[in-house]
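Only one structure is covered here, and it is reproduced in the block below.
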Amino acid sequence: MTTTSAPPVKPNARVRVQRFGTFLSGMIMPNIAAFIAWGFITAFFIQTGWTPVPALGGFPSADGTENLGLVGPMITYLLPLLIANTGGRMVYGTRGGVVASIATMGVIVGTTIPMFIGAMIMGPLAAWLMKKVDALWAGKIRAGFEMLVDNFSAGILGFLLAIAGFFGMAPVVTLLSNALGEGARFLTETGLLPLASLVIEPGKVLFLNNAINQGVLTPLGIQEAQETGKSILFLLEANAGPGLGLLLAFTFFGVGIARASAPGAIIIQFLGGIHEIYFPYVLMKPLLIVALIGGGMTGIATNLLLDGGLRAPASPGSIFAILLQTASDSYVSVILSVILSATVTFLIASVILRSSRKRDLAALEDKGDAFTSAVDQNSANKGRESDVSRLLGTDAAAAGATTDVRIQNIVFACDAGMGSSAMGATVLRKKLKDAGVEGVTVTNKAIANLDADADLVITHQDLTPRAEQAAPGAVHVSVDNFMSSPTYDDVVQRVRAQQAQ
Amino acid sequence: MSSAVLTTDRIILDGTARTREEAIEEGARLLEAAGAVTADYAAAMHEREALTSTYMGSHLAIPHGTNEAKAAILASAMTVVRYAEPIDWAGNPVRVVACIAGKDGGHMAVLSSLALVFSDEAAVEQLLAAPDAASVLALLGDVNDAGE
């Protein structure tokens with residue numbers, strides 16, 4: 001779409017995939033800090049952690065008292081809800097984030113598996129539905145009742161989606177989890193062990209690692225270990241090598257937050273054994289699963305050839321736990337399997353990261369941080385501009401991951417969002433209506449509440465710089481007179497021209 | 001609910017203020033007398049004005065408080081004060097000052113009608129020539145009833 005001049009251009013498949021990837025990273029990356037916090041808490045306080053604390057780690061105290069702990073609730077509720085909220089926000093602002101969180105809560109409670117995949121589907125979906133529902137009566141609500149209608153429509157939709165998630169989404173994900181587990185069992189029992197990585201690695205990054213390991217591999221491994229004194233099965237999922245290789249690749253070839261946080265994540269993953277910490281890095285670049293599968297297969301093949309195995313499960317999958325459980329005749333094999341799998345994963349992941357590095361860097365420079373803001377679909381149209389063709393997206397192709405922006409959501413913004421912006425919105429709404437333009441919403445907001453949902457932001461010229469900061473992806477227009485600005489007629493004309501196509 | 005936001009006793013056709021500051025005071029006193037704001041609100045209105053002028057164009061200014069001053073608002077209310085001689089509003093001539101106290105969006109309906117009136121030159125002329133408070137209210141109310 002770089003050369004064509006016939007707008008609006010349909011984004012091709014490559015752009016779509018890129019945009020999907022950017023969306024995933026936008027949903028995951030802002031929440032990396034929460035994963036790191038959880039990783040530390042887990043590495044320190046679980047029963048097999050560095051400094052076990054029953055009350056925090058969530059295992060029974062010495063006197064037998066059950067503890068809820070921090071670890072379980074955080075991974076069950078906090079992390080998926082954060083992802084759902086971020087995903088919802090990206091689709092439909094704060095409002096989308098709220099509905100996304102409500103709906104995802106239903107998905108979470110509907111099952112016992114950590115619901116990351118559910119959050120990543122339900123979050124954006126719920127926000128998108130909210131957007132559609134709002135569009136049904138946009139501009140038709142009598143002034144003064146917006147707040148009431150907004151709150152109840154979001155509340156009712158959230159209520160329905162939470163129930164739908166509880167009964168609908170959870171069984172699907174449970175089914176997926178069971179299927180992966182069964183796949184792992186089949187491959188293990190038929191001796192096609194290296195192929196087990198094909199299901200184990202994707203299962204892991206969907207946070208089904210414990211279901212696969214503790215549900216399938218550990219019981220089978222214990223059986224084998226009772227007969228032979230060791231089992232390779234304990235290493236299938238627990239091998240810390242692939243995760244290490246992946247994070248090292250990010251350390252050297254990643255960009256932005258991902259690169260900066262990767263070395264710290266290595267400590268949590270490789271030394272602490274909390275593999276979950278690297279899953280988000282894969283979720284935001286799903287192709288990387290190839291690197292993990294390659295590394296996992298290498299590790300398994302190494303141990304098969306050299307007859308390596310662990311005496312008991314290594315939990316968590318830290319290099320220390322692995323070495324502690326290594327059968328006395330298997331040190332060479334196990335250590336080699338970790339090193340080789342890390343190397344293979346590193347090499348494949350490096351190729352993948354380097355091939356997209358240029359684009360990631362460009363996005364980074366362009367937007368300040370690719371992961372938090374490249375999600376903005378309007379990236380090529382940032383800044384103030386007055387050229388109709390840009391509004392129509394005809395030259396909006398420079399950055400590769402851009403789209404042609406149709407102006408559908410116009411936001412008037414002012415300091416408090418209660419005075420001038422409301423009046424400006426009223427006037428523009430009337431002008432659009434008089435011009436027979438439909439399908440465009442005009443709302444008013446405080447600048448502080450602007451989000452990526454706005455296509456066109458109108459502010460008083462004194463406030464435009466602030467608004468540009470708040471919504472860098474939108475087209476910005478300044479006015480100096482809210483009542484009879486010629487700018488309004490420009491906007492009406494642009495939207496009409498756009499719709500005429 | 002919107003009918004109580006602007007009433008004839010909050011519409012004054014012969015305002016006495018000569019400066020922007022006086023006009024804000026005049027409006028603030030009306031809002032206070034209506035029981036819509038506390039005495040703190042006037043200060044917030046001056047503060048907001050210093051931030052950016054609330055001049056809207058078409059001889060209209062809409063002074064109101066800052067986002068932080070919402071606690072000083074007891075109920076939604078609006079005043080409309082007309083001045084025979086234009087007031088110098090940061091370099092712009094203002095004939096009508098509409099002071100706003102907005103609580104939970106209750107002022108939006110009247111504000112919208114105000115916006116529609118002031119975006120229509122003929123309607124502005126009508127308002128500037130209106131003989132009494134009741135006809136001003138009717139002008140704003142009519143637009144309001146017509147919906148958006």
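Each Cβ is built from the backbone N, Cα and C atoms, and glycine gets one as well.
According to TrEMBL, the features are:
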type     : residues  : note
DOMAIN   : A:20-360  : domain 'PTS EIIC type-2'
TRANSMEM : A:20-47   : transmembrane segment
TRANSMEM : A:67-86   : transmembrane segment
TRANSMEM : A:98-122  : transmembrane segment
TRANSMEM : A:152-176 : transmembrane segment
TRANSMEM : A:232-254 : transmembrane segment
TRANSMEM : A:260-279 : transmembrane segment
TRANSMEM : A:286-306 : transmembrane segment
TRANSMEM : A:331-353 : transmembrane segment
DOMAIN   : A:408-501 : domain 'PTS EIIB type-2'
Close approaches to the transmembrane segment (A:67-86) from elsewhere in its chain (Cβ under 8 angstroms; 6 or more beyond its ends): 26-28, 30-31, 34-35, 37-38, 41-42, 45-46, 54-61, 97-98, 100-101, 103-105, 107-108, 114-116, 118-120, 122-123, 126, 207, 276
Within the domain 'PTS EIIB type-2' (A:408-501), residues counted as helix, strand or coil by DSSP: 40 helix, 22 strand, 32 coil
Contact call for the transmembrane segment (A:260-279) and the transmembrane segment (A:20-47): at least 3 Cβ pairs under 8 Å, seq gap 6+: yes
Tertiary contacts of the transmembrane segment (A:331-353), as residues 6+ beyond its ends and Cβ separation under 8 Å: 235, 239-246, 248-250, 252-254, 285, 287-288, 290-292, 294-296, 298-300, 302-303, 306-310, 319, 322-323
Distant-in-sequence neighbours of the transmembrane segment (A:98-122), which means Cβ under 8 A and at least six residues beyond its ends: 24, 27, 75-77, 79-81, 83-85, 87-89, 91-92, 129-130, 154, 157-159, 161-167, 169-171, 173-174, 176-177, 206-208, 211, 279, 283
Averaged pLDDT, computed only over the residues in the domain 'PTS EIIB type-2' (A:408-501): 80
